[in-house]
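Asks: My questions will all concern the structure given below.
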Amino acid sequence: MIEFKIPKDIGATYQREIARKPENLVRLYVSLAVAAVVLFVIFGIRPLAITAAQNGKFLAELRDIKLGLETKVAKIESESEKINGLSAEIDLLYKKLPERPELEEYLQELVLDAADAGFVVQRFRQQEGSEDSQGGISLEIEFTGSLDSIPQLVGAIENAERFAEIRDVRTTAREDGGTDVRISVVVYTL
């Protein structure tokens, strides 16, 4: 028969190996945890920090834009309050710059003013509008009257109810001592 020799310290060796296994597992788990933390720092926190830094610039710019827009809105509101406060004075301008031309009324007024200045209106003629008469109607008006009364006639046209610009004044002497006057006027509307 064969006899086996079992050493006496076999239990101690076995116990040492069993005692080492938890230490190995703890080392393994700790190293895996450290690796996970390192990976999280590299692939998680770093990109988040970079993104936050980049977004911080954009957020600062957006704040500046928001402040600028708020100041512009406040300025617009204050200016609109000023404009609303001037509405009574603006109503006076509507008489001088009506939305529709209403030339008949203007021409009637012009004939009366010319008669007061000593002139008789011979003819009205609408001219082709030029680039610098935008928003207005170009008229050529022929009058007959005295040369001395031209300043009164020009003053009557300039002081009429409507905005009108005198572009040209041409005079022609007649044989009977009178004067023919041609005035180019631009009457403005909205």
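Every residue, even glycine, has its Cβ placed from backbone N, Cα and C.
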Asks: Looking at 59-96, 135-172, I want to know which stretch TrEMBL calls coiled coil.
Replies: 59-96
Asks: Would you kindly list the residues that approach the transmembrane segment (25-45) from elsewhere in its chain, counting only those six or more residues past its ends and only Cβ-Cβ distances under 8 Å?
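Replies: Contacts with the transmembrane segment (25-45): none.
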Asks: Please work out the mean pLDDT for the residues of the coiled coil (59-96).
Replies: 83
